[in-house]
Amino acid sequence: MSLLVWCALLQTLLLLTLRLGDCAIAVDANRTSALEEARLQRENLVRKYLKRLKKEEGALKLVGGRGDFEGNVEIFHAGKWGAICDDEWDQAEAEVVCRQLGFPGHVKPTHTGHFGRARRKFWMDNLWCGGKEAELTDCRFDGWGANDCESGEAAGVICKQHDTDTTTTSKPIPVEPKVPKEQFGQRLELRLVGGRVEGEGRVEVRIVDGPGGAGPWGSVCGDGWGLLEGNVVCRQLNLGYANNAVQTDFFSDEADGKGLPERVLLSGTECYGNESTLADCLHDPIGWDTVATCSERKGHVAAVTCVPAMADLVFDHVEMEQSLHLEDRLMYLLQCAMEENCVATQAYEIQRDNPNWHLETRRLLKFTARVVNMGTADFRPHIPKHLWEWHLCHMHYHSMEVFATFDVIDGQGRKVAEGHKASFCLEDNQCLPGVEPRYACANYGDQGISVNCSDIYRHNIDCQWVDISELDFGEYTMRVAINPEFKVPEMRFDNNAATCRLLYTQTYARVFDCKHERP
């Protein structure tokens, strides 16, 4: 039976129950409140089943969270639920998700499988929303099922909760209160177990100075585990830098004689990246005799691979300050850039609604982005070469989907404009004397950034801009971030972003007072 027939039957049922309720009220006025309650219960029941039947194209749900207001996002397409990849996942996409689900807004987007690994195939990747779309399917993305994501790259959200919910039930649904994360407060000893060589394995911890001496060894829940946390572990163990930080049971082979410890000692680990020990990071609250909660208890543990040499990218904000300028450009000349989503959402609305759209102009804030590798190893893209994408507009392969983000932020901390580039190619454009360039984008060459070399995206290259056509004149903050989603390992990440003051007037724009920060 079709969805429309089910909906018609259920609506008829609702009308019959309402009429029966009205008759009962006329017979006995003293039973008004009881009948009203019964009517509400029946109405809620109908809504419940209508909601169940509403497995329609583009429907959303959140999974893995502690309530209906948070979790990894899944979307319904072609009769199946699927996950969403966290590439380019930010506040705009989170706002659309929460609004589509009926919440008043979002608290924050989450990345790296914050609520557990993706349990289904990825339906969407490289989502780009303006923030005002009615549904997530109205945003632009690579195409259904087109992705290069792993299970640990699930995108999620935490939505704002309603103060009171009177639309579904007369009694509020109890929701577990969200307890803020905190430092562990006790000294932790670390070890890597189950690895094939020194410097790799699952992370195990134990309390050194607890009651009765050192406690038992326990694992770390994989929720939200990433390179920031992995770098802290490698630093604490004097093993160099994290080359990989994963949520896996790969290192739980019984051949090590230990298997997986039953006790999960830490969960919700969240590091800034510069901590000296894992105990200095934030974790979900836990006591000496308490077992940590984990979205997936079995096989969902934190693991890391440490290496002695690592790349370290630094964004050159001086080059950006010197090259930044305004340019008004006809949309006719931006057709190639529009194919790669390099202009603001309003431009696509003009293209759709105005037959003379090609005569309209867009105001672009253009600048040069120079990135230097100051580390001890080459920076290489994390996507295998056979998955690189050919871009006809640029006539070369792109190896990274999200290498840099360009954002303009107002005084209230809201993102009011952003630059978007479909993907990037990496090459050695400029090297120090005595260093031979090794990487080039042309002719399907190997891509990367050698030690002591720079990758330079000059201001005259397509998409090397922020579309600020709808921006009011005034003062803002401009933020450029390299490797913003921490997909590729580095020595450190606190020099990957530059935050500057932006002055925008009718005739010019300039950035100043720049400083390095973490993305």
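The backbone N, Cα and C atoms fix where each Cβ goes, glycine too.
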Cys85, Cys221, Cys234 - which one TrEMBL pairs with Cys149 by disulfide: Cys85
Cys85, Cys139, Cys271, Cys281 as disulfide-bonded residues, winner by CB count within 10 A: Cys85
Set of same-chain residues at least 6 away whose C-beta sits under 8 angstroms from Cys149 (disulfide bond): Cys85, Asp86, Asp87, Ala118, Phe122, Asp125
Whole-number Å value for how far Cys139 (disulfide bond) lies from Cys271 (disulfide bond) (Cα to Cα): 31
CB contacts for Cys129 (disulfide bond) [other CB atoms within 10 A, all chains]: 23
C-alpha spacing of Cys159 (disulfide bond) relative to Cys129 (disulfide bond), in angstrom: 17
Minimum Cα separation from Cys139 (disulfide bond), reported as the residue among disulfide-bonded residues Cys98, Cys159, Cys281 that achieves it: Cys98
Rounded Cα separation (Å) that holds between Cys98 (disulfide bond) and Cys281 (disulfide bond): 29
